[in-house]
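Peer 1: Pasting a structure below so you can have a look.
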Amino acid sequence: MWWSLIPLSCLLALTSAHDKPSSHPLSDDMINYINKQNTTWQAGRNFYNVDISYLKKLCGTVLGGPNLPERVGFSEDINLPESFDAREQWSNCPTIAQIRDQGSCGSCWAFGAVEAMSDRICIHTNGRVNVEVSAEDLLTCCGIQCGDGCNGGYPSGAWNFWTRKGLVSGGVYNSHIGCLPYTIPPCEHHVNGSRPPCTGEGDTPKCNKMCEAGYSTSYKEDKHYGYTSYSVSDSEKEIMAEIYKNGPVEGAFTVFSDFLTYKSGVYKHEAGDVMGGHAIRILGWGIENGVPYWLVANSWNVDWGDNGFFKILRGENHCGIESEIVAGIPRTQQYWGRF
């Protein structure tokens with residue numbers, strides 16, 4: 001099934017060379033191989049002593065899943081800049097710069113969604129509402145329309161759930177921020193860290209429609225709703241226009257094992273096997289050394305990649321990065337009475 005969903009650009013990169021290392025994808029051999037290529041990015045060690053089966057489970061997005069209605073294009077009406085970073089454009093919205101950690105769970109589909117929702121609530125209230133939308137609430141309570149929790153899910157289902165049922169607030173693990181903070185602890189899939197070791201993907205926590213002790217607002221009253229949710233066409237300009245006008249979006253792409261070693265530069269697939277589908281948050285774009293890129297936030301903590309972020313080739317639907325864009329607009333009228 002995966003192969004039918006992998007863009008031609010990735011397949012060509014996968015099959016074009018015969019001298020690629022056949023060793024473990026996290027090995028020094030693989031890292032050295034990538035760094036000896038005349039490519040656009042640098043590899044390094046992000047993971048240490050971690051099973052490949054665990055890493056595959058981190059890629060918990062089902063590509064080619066249910067579709068949301070596609071919004072009407074408007075890029076022709078906008079003069080788009082050569083580069084754009086939502087962190088700078090909306091500096092009064094702290095969630096845009098935040099990197100979360102999905103822990104031992106294939107919940108990337110939920111994280112990409114709630115991160116972008118949090119950003120958009122702040123953006124569309126002109127910085128007046130800063131909230132961390134709860135990944136816990138979405139992961140545990142969305143049910144079958146979103147997929148199978150920690151075993152993988154659909155970004156489109158996440159955004160649809162936001163508009164229909166709403167989501168409460170909730171910060172990262174053990175933060176005691178919001179109604180339902182994340183209950184799956186971060187684990188040490190990186191190098192020389194202090195967190196407990198990753199032992200494999202855990203079960204999806206139970207849906208709990210009650211805020212944690214000490215939070216003053218009820219679960220029902222804490223809900224944040226989307227007004228509308230939609231997909232964005234795979235047009236580079238339309239994706240840029242959507243981010244420029246409304247804020248970061250959720251995207252998904254096919255992950256190959258070389259991506260696990262990304263440290264800096266503009267990622268282009270060079271070597272390795274398919275790991276799975278992975279959802280992320282796209283917050284900007286630019287050009288580095290003549291190579292156009294998307295600026296992306298991952299959910300593997302700040303010690304992965306470039307402080308938790310990465311850049312990936314833009315404009316060629318590389319590894320499907322432009323073909324699974326979803327987003328939505330928050331229901332802002334629910335907030336105006338509070339100001």
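The backbone N, Cα and C atoms fix where each Cβ goes, glycine too.
So Swiss-Prot lists these for the protein:
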- CYS108: active site (ACT_SITE)
- HIS278: active site (ACT_SITE)
- ASN298: active site (ACT_SITE)
- CYS93-CYS122: disulfide bond (DISULFID)
- CYS105-CYS150: disulfide bond (DISULFID)
- CYS141-CYS207: disulfide bond (DISULFID)
- CYS142-CYS146: disulfide bond (DISULFID)
- CYS179-CYS211: disulfide bond (DISULFID)
- CYS187-CYS198: disulfide bond (DISULFID)
- ASN192: N-linked glycosylation site (CARBOHYD)
- LYS220: N6-acetyllysine (MOD_RES)
- 1-17: signal peptide (SIGNAL)
Peer 1: May I ask which of the recorded positions CYS122, CYS142, CYS179, LYS220 is closest to CYS108 (active site) if we compare their C-alpha atoms?
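Peer 2: Closest by Cα: CYS142.
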Peer 1: Taking Cα-Cα distance, which of the recorded positions CYS142, CYS146, CYS179, HIS278 are within 10 Å of CYS207 (disulfide bond)?
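Peer 2: The recorded positions passing the 10 Å Cα test are CYS142.
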Peer 1: Can you tell me which of the recorded positions CYS93, CYS141, CYS211, HIS278 is spatially closest to ASN298 (active site)? Compare CA atoms only.
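Peer 2: The smallest Cα gap between ASN298 (active site) and any of the recorded positions is with HIS278.
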Peer 1: Round to the nearest Å and give the CA-to-CA distance linking CYS141 (disulfide bond) with HIS278 (active site).
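Peer 2: Distance between the two Cα atoms comes out at 21 Å.
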Peer 1: In sequence order, which residues at least six apart in the same chain have a CB under 8 Å from the CB of CYS93 (disulfide bond)?
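Peer 2: Listed in sequence order: ASP119, CYS122, ILE123, GLY127, ASN130.
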Peer 1: Rounded to a whole number, how many Å is the Cα of CYS187 (disulfide bond) away from the Cα of CYS105 (disulfide bond)?
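Peer 2: Cα-Cα, rounded: 10 Å.
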Peer 1: Here are the recorded positions: LYS220, HIS278. Which has the lowest count of other Cβ atoms within 10 Å?
Peer 2: LYS220
Peer 1: How long is the line from the C-alpha of CYS150 (disulfide bond) to the C-alpha of LYS220 (N6-acetyllysine), rounded to the nearest angstrom?
Peer 2: 24
Peer 1: For the C-alpha pair, I'd like the distance in angstrom between CYS142 (disulfide bond) and LYS220 (N6-acetyllysine), rounded off.
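Peer 2: Spelling it out, the Cα of CYS142 (disulfide bond) and the Cα of LYS220 (N6-acetyllysine) are 15 Å apart.
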